[in-house]
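Marked as region 'Disordered' by TrEMBL: 777-796. Marked as transmembrane segment by TrEMBL: 40-58, 65-85, 97-116, 159-177, 189-215, 265-284, 296-315, 321-339, 351-368, 388-406, 413-435, 710-731.
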Amino acid sequence: MFVYYGDYNVQQIPFYQMCHDMIRSGEIGWNWYTDLGSNFIGSYAFYLLGSPFFWLTIPFPSDVVPYLLAPLMILKLAVAAVTSFGYLKRFVKNPGYAMLGGLMYAFSGYSIYNIFFNHFHEVIAFFPLLLIAMEEFFVEERRGTFALAVGLLAVVNYYFFFGEVIFAVLYFVVCAFTRKEYRVTVKKFLLLGLESVIGLLMAMCLLFPAIQMVLSNPRLDNWLLGWSGLFYGNEQRYGLILSSLFFPPDVPAYPNMFPDSNAKWSSVSLFLPMFSTVGVIAWFKLHPKSWLKKLLMISLFIALVPILNSAFSMFNSAYYARWFYMPLLLMAAATVQALEQADAEALGSGIRWTLFGVLCFSVVAIFPKSGEDGEIVFGQLIEYPERFVAYLAIVLAGLLMVSLLIKMPKRKFIRPAAGCLSLLICTTSIVMLAIGKGNATTVHRVIDMGLNGSFETIAAENDDVYRIDMYNSGDTRCMDNFPMYWQIPTIQSFHSVVSGSIFTFYDLLGIDRNVASRPDISYSGLRILTSCKYLLTYVEEEKYEDIPGHTYLTTENDLDIYTNDNYVPMGFAYSFYLTDEDIEEAGDDVDCLLLNGVYLTDEQIEKYDDILFPLPDALPIPTTEEQLSQAAARLRANSCDSFVRDKTGFTASFTAEADRLVFFSVPWDSGWSATVNGEPVEIENVSGGMMAVRVPAGTSEIRFNYRTPGLMAGCLMTLGAFILWGIYLLLIRRFIPRSALLFARRNRHGALSCKIDEIPLEGAYIRTILSEADHLRSRPRHLHRKTETPPEDDTT
């Protein structure tokens, strides 16, 4: 089994297995193992649910799924090579050069870097299909394929699709103004827009629920404004972007040449294996006014301007370069065309300028700086000198190989070039993977403690629903998402896309929730409020004695297990309410204050003032161990008799002498509906994002059901889109005879696949072909067949 490090271990492996299990069991509504609970489809549409590769795991047993990630990665790389080959072969006569370009793209620095982010490879694999479809639409005049490409990419990953739309618009604009074969007309433009809309609607079965989930995320309103939108505050980031053209990328989380660029996980890489920028520079010299050069220079400009770069990440203020796979495909296109033209002078110039760039950035390795005692020291700007030496050797070896290969006869170039390229790809990949892999502790924690871990003692003594906590303070921090391996609800979660109510809840408590929920152990009230029953830590010789309200229980799975003495079951009733003033006065102790009362809006206070009372001044905020124990005892005395989860929600039983407002530490979501004793009731959003319902006196059955918001509407839109697509194709066949289109495609393809100097007056030739195609369209339909199959000569 392939075990790497970082996000791959704590997200990709547990996400794959958990999502696989949820789909097979039919639990696709609310997911209890994602943070405090989240919309399953909304949370995992970004990571997995749109990936065709993920769905290949569904027929396999759960235990096999982690072992499938490596074969699936191989498949993703292969698909990326094939789709990019399909795009690149349009621009070369010899498909062998397109094969080289496909390898460059599939195994680019960006691709190898993002093994860390396994789910990025889906977009790398399928993005070329979007450009192929656009080429087919304008150059081949094939209709319908662009809609399919748009729908596929929108389903695969909506986050990347946002950037792909922007890049597709740039691609279209540049090609429309610089490429004669595009011949953009109002009719074509409107048809392209129609196919774009149809393709978008095709993806709504997954896209519509995901959009509703994303819109609830408060991180979306954090834009780059002012000078930060024009210039990067980290000056080293400019060096990182430009150096990524010449060197393989640093591995995630461990920057080397530019350690203060603040881009540890930003996917900054524009490196093509072996060829680097040689072919791109050669192409620029051969064709200084080509559309490829214009589009690549625009891409570089965008990469250097923060606000423009952020457009590809939905204008997120955090720096990401996760769109770089798009210009990389065009860099591969420029490279293969330059190689096919085999202009020794241009390629030699490319080698020299690339070597110059490599040497310029290599100065960083020896550039002086002022030491701690004021002395000038050399060679201390980079973090890991041995890694730099390895990368430099790879780059120089690649340039040496290229310089030797271009001297070979053209007919013998491709096979040795493919061999050298494969050798450099393997070498670069092994070096990068070895840096992040090989940690025996990590392998033990993932396989032995995570995948194969179990807790017999806990399982034997529990039949209720609870959450667990992982020790996450100081230098001792358990591996993220450990509980997801065991599929136990938890308050510790490393997940970027969760319910918006979780963000507002932690914001109320003063806890920073960006890409992960990692509340410090000092938030004792939070543990009680969210029904945490156990705390797990790595095995220590001396057991912790400074954790309030926790008692050591046992050691299992190389983890010490502590029991929360103040555990309160899920679902309990309050007697008091809290106001905005109470929250403000509590300061940093809001989590403890919420043990005394439920936080309501003014409208809710007026609505429930008959069963809830203002917080008494005599009731202190429970911050001491004794006060926390007393507060927990009060809530435990007013807790639910039972709480049972199932595939569609949960059922609770509650007994009271009078009407009560029963609180559940489950994030509020518009997909929830509730009944009490079979009668529909309103769900209140309380305490910053949790749920509560009014329950009458006596014993009541409380039922919560969850339906994914937008799922049904999205599926209907998808169905309608495919019907519309079918009608569109029928109309196209009816009003645009296929014989005319075939004639234009065949003849135009023959013209455009040749070099310019091989066709005198190429522009006039293309115009003649196009006018002939237009003439065919205007002819009566019964004459088209004669055009396709001319009659035999009787005299033959």
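Every residue, even glycine, has its Cβ placed from backbone N, Cα and C.
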**Study point:** Segment-segment contact (the transmembrane segment (388-406); the transmembrane segment (265-284)) at 3 or more Cβ pairs under 8 Å
**Key:** yes
**Study point:** Within-chain partners of the transmembrane segment (351-368) [C-beta distance under 8 Å, separation at least 6 from its ends]
**Key:** 239, 242-243, 245-247, 257-258, 276-278, 281, 376-379, 381-382, 385, 388, 392, 395-396, 399, 402-403
Exercise for review: Could you tell me whether the transmembrane segment (321-339) and the transmembrane segment (189-215) are in contact, taking contact to mean 3+ Cβ pairs under 8 Å with a sequence separation of 6 or more?
Suggested key: no
Review point. By Cβ distance under 8 Å, which residues at least 6 away from the ends of the transmembrane segment (321-339) in the same chain are close to it?
Key: 84, 87-88, 91-92, 97-98, 100-102, 104-105, 108, 110-111, 120, 123-124, 127-128, 131, 160, 163-164, 167, 241, 244, 263, 266-270, 272, 275, 277-280, 282-284, 286, 292-293, 295-296, 299-300, 303, 309, 312-313, 346-347, 350, 406, 413, 417
**Study point:** Region pair the transmembrane segment (413-435) / the transmembrane segment (65-85), three or more CB pairs under 8 Å
**Key:** no
Practice item. May I ask which of the stretches 65-85, 97-116, 159-177, 296-315 has the most CB pairs under 8 A with the transmembrane segment (265-284)? Key: 97-116
**Study point:** For the transmembrane segment (159-177): best-contacting stretch of 65-85, 97-116, 296-315, by Cβ pairs under 8 Å
**Key:** 296-315
Practice item. Mind checking which residues of the chain, 6+ beyond the ends of the transmembrane segment (97-116), have their Cβ under 8 Å from one of its Cβ atoms? Key: 4-8, 73, 77-78, 80-82, 84-85, 88-89, 91, 124, 128, 244, 247-249, 251-252, 265, 267, 269-275, 324-325, 328-329, 332-333, 335-337, 339-340, 414, 417-418, 421-422, 425, 428-429, 432-433, 436
